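A short write-up of the structure that comes next.
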C-alpha cells in the first residue's frame, strides 16, 4: 500500500502536513521517503521492518546497496531514495559548521563529527581548525588506517595548523568497533599533540572519540587540562 492509498488524514504524509515532523515516529518519517510499501505491507510497515532488520536508522542509511536490496520490496530506486535522504542530512550538518561559524555549541560539534566519522569502516584521524574567536576555518582528515601513537605525527599537525593560521583545534578520530571508550594509546596521542601545539601557542580544546552511538570528550573528562 502506498501513502497515497491511505484514508484521508491517516497516512504519515498527511500527519506530517497537519502536525509537523515532530510527532512522527522514525518509521513514519521513513515511510514518507519510501512513498510505497509492497504487497502485504504498508509503507510504514516496510519502514518498520527495515529499521528493525538493520538495528536503527543510521545503520540502515549507511548500509550498502547489496544489503538493502536483499530486503523484500527494496530495489535500486528505493536505495537511491535512502541515499539521497542521508546525504541531505549530512550536507545540512556540514552547512551548520561552515567556515566562519562560531563554535559555541558542543552538541553541534558532536552532531557534525558523528555524521562525518561514525559510519567509517576504517579509522580516521581528523582535525577541526579554529581561529582565535573559535570560528571554523576548516575540517581536515589527516590520517587513515590504524590510529596509534606511531601513526599520528605531531609534526604534520603543527604544519597544518601553521599553514591555516589556526589559534585553536579540536582533534577527533573514530573507532570502527563502535565502542567510543578511549584507549591508552588515544590518551598518549593527545598528550603528545597538546605538548606540540603548546610550543606554537595553539590551544588543544578537545579530543573527541566517535563510536557508533556516542562520542567521548577528553575535555569533559578533564583529560585536556
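Backbone N, Cα and C atoms are what each Cβ position is placed from, and that goes for glycine too.
Annotation comment: Swiss-Prot describes 102-224 as domain 'MPN', evidence class sequence analysis.
What Swiss-Prot lists as Zn(2+) binding site is 173, 175, 186, and the listing cites sequence analysis. Reduced to three states, the DSSP call for residue 173 (Zn(2+) binding site) is strand.
Per-residue pLDDT, averaged over the motif 'JAMM motif' (173-186), rounds to 91. What Swiss-Prot lists as motif 'JAMM motif' is 173-186, and the listing cites sequence analysis.
In the three-state DSSP assignment, the secondary structure recorded for residue 186 (Zn(2+) binding site) is helix.
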